[in-house]
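Colleague: I have a structure here, written as structure tokens, and I will follow up with some questions on it.
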């Protein structure tokens with residue numbers, strides 16, 4: 001099984017390609033900035049571009065335009081923090097998707113595969129419905145702890161089933177499905193057993209993903225976790241390239257398989273757990289964006305990871321803008337938008353892939 | 001107050017005593033025709049609104065089982081309610097309802113007993129010769145197959161509540177009691193409306209915050225066509241929320257920009273979300289960087305109202321009185 005694959009050797013990059021990469025990077029950064037600006041400028045209500053500029057200038061350039069405090073608060077505290085959280089979560093989820101798809105060699109792998117969203121929902125209802133923590137633990141903390149517990153259980157099960165190793169990605173996928181089912185059942189049980197009769201739609205809404213409650217502390221948390229997580233994944237880009245051909249091949253190429261697997265799974269799980277606890281489970285980003293990015297920049301992780309992060313960030317900001325503006329005076333769950341856009345895009349990618357291989 | 005309503009009951013009882021129900025009686029109810037050969041001797045209620053309505057009609061001894069409780073029973077009905085078995089706090093099973101062998105099942109919501117009923121469909125009960133009655137407040141002008149809490153196709157009107165009271169009174173052959181209950185409720189509503197009018201405040205607008213999935217998240221607000229929307233409109237307050245959904249989620253950005261003159265905040269015993277606690281709602285309004293600048297928050301024009309009063313039930317008038325009394329105390333608004 002000692003198969004050496006020549007495509008792993010680093011091809012010589014001519015100057016022209018380097019320039020092209022730099023230009024692409026600059027264009028991508030400009031796009032991201034544009035996305036953030038439109039996230040601030042477009043919202044549930046109309047606030048003129050002039051007022052938006054004046055608010056930003058007051059905050060960042062130290063000017064002192066006279067602005068209605070409600071407008072100032074909406075632009076700076078609601079919209080900007082929200083756009084930045086959307087960008088962080090989009091980037092983080094997309095990179096988690098890339099890592100899991102490569103590590104598990106499964107095109108359907110996505111961040112919630114590891115039982116994380118199911119565990120988060122159990123943690124959230126334990127706090128909010130069953131009253132665990134007696135009001136001292138917030139729903140977000142409960143969700144985070146639930147997510148980590150679920151991941152630990154799934155990882156242990158996969159570890160045991162795989163005879164101490166992750167030689168086969170299939171085991172972790174199956175363990176993830178089992179874990180998700182278990183925790184979803186626990187969530188339903190807790191909700192059904194709760195004393196007061198109300199529909200549990202609030203919790204469902206939260207699980208479909210919801211960016212409305214985010215404020216600056218959430219921005220700081222998600223941005224720093226995403227940056228750290230993406231950095232860890234980038235550092236393992238070449239190992240991930242090796243995993244594309246299976247863990248045996250990676251081992252043959254000198255990759256410390258188990259250490260890398262553990263590090264990357266842990267990084268992906270922690271990133272996802274933090275995001276689920278802040279914004280709920282936003283589907284499709286972690287599944288679709290990696291495939292879209294692969295189509296654009298190829299399978300090499302040195303490029304795939306930053307590209308996925310950027311596309312994910314821009315996509316989620318755009319989805320959030322649409323969710324806030326599609327129906328006037330009402331906000332849709334962002335998960336509905338990502339699925340509505342994500343499913344056809346995914347179908348398109350599949351069809352294009354078929355033509356490419358024909 | 002109690003004496004007065006007792007006196008009016010007595011008066012009405014004589015006035016309407018001629019109107020005894022002629023059995024068999026046919027009642028048109030939410031697309032079904034109910035035929036009763038005699039007054040039902042036993043009834044199971046699913047939903048607190050129907051339960052308390054029957055108690056208010058003095059029919060507590062006919063109720064053989066209750067289910068779906070949102071709040072503790074009203075204190076004035078506690079003694080009656082203590083004698084009635086509670087099938088479940090939440091959704092009862094089909095068989096637990098059958099187990100009571102009721103002649104009639106009264107359901108507050110169509111999503112309990114109705115086309116997609118989680119307890120059962122009306123046909124399932126009819127097949128077993130059990131009559132069913134659905135509250136007109138939940139079915140008339142409302143599509144319960146769309147939206148998580150149903151969607152109003154026409155504005156709620158308190159007339160639907162009165163219709164429910166009158167029809168149940170007719171079914172149980174206590175029409176005079178039904179009329180006096182309706183009269184007492186509508187008199188109180190008229191007084192509440194007059195109170196707001198007497199304040200002389202013009203162009204009053206309002207928004208009603210029920211709860212939120214997370215404290216800072218988009219709140220559940222009263223839509224324009226629901227029970228709470230009707231209460232505001234009947235009192236002469238313009239609801240700044242325009243959605244037709246019963247309890248739409250609306251962003252704080254939209255609410256703050258609409259800047260209503262009054263904010264109504266629901267108080268409830270439920271503790272599912274942090275924002276169920278009205279103290280936390282008040283705290284949020286004062287601390288959030290946007291809502292703290294709203295006129296209603298800056299000037300303390302915040303009204304607390306009990307959540308039980310926001311349903312199509314006999315408690316609705318309690319909520320209208322709470323709002324009206326609070327409007328009278330408002331200062332700093334132009335007349």
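Cβ atoms are placed via backbone N, Cα and C, with glycine included.
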Colleague: Out of A:53-70, A:143-160, let me know the one TrEMBL marks transmembrane segment.
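Modeller: Transmembrane segment, as annotated by TrEMBL, spans A:143-160.
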Colleague: When you get a sec, could you say which of A:83-100, A:245-262 is annotated transmembrane segment by TrEMBL?
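Modeller: It is A:83-100 that TrEMBL describes as transmembrane segment.
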Colleague: Taking pairs 6 or more apart in sequence, does the count of Cβ pairs under 8 Å between the transmembrane segment (A:172-192) and the transmembrane segment (A:83-100) hit 3 or more?
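Modeller: Touching, no - the transmembrane segment (A:172-192) and the transmembrane segment (A:83-100) miss the threshold of 3 or more Cβ pairs under 8 Å.
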Colleague: Looking at the stretches A:21-43, A:301-319, A:331-351, which one shares the most CB pairs under 8 Å with the transmembrane segment (A:83-100)?
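Modeller: Comparing A:21-43, A:301-319, A:331-351 against the transmembrane segment (A:83-100), the winner is A:301-319.
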Colleague: Please give the sequence-distant neighbours of the transmembrane segment (A:143-160): residues at least 6 beyond its ends with Cβ less than 8 Å from one of its Cβ atoms.
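Modeller: Sequence-remote neighbours of the transmembrane segment (A:143-160) are 114-124, 126-127, 166, 171-172, 174-176, 178-180, 182-183, 265, 269-270, 272-274, 276-277.
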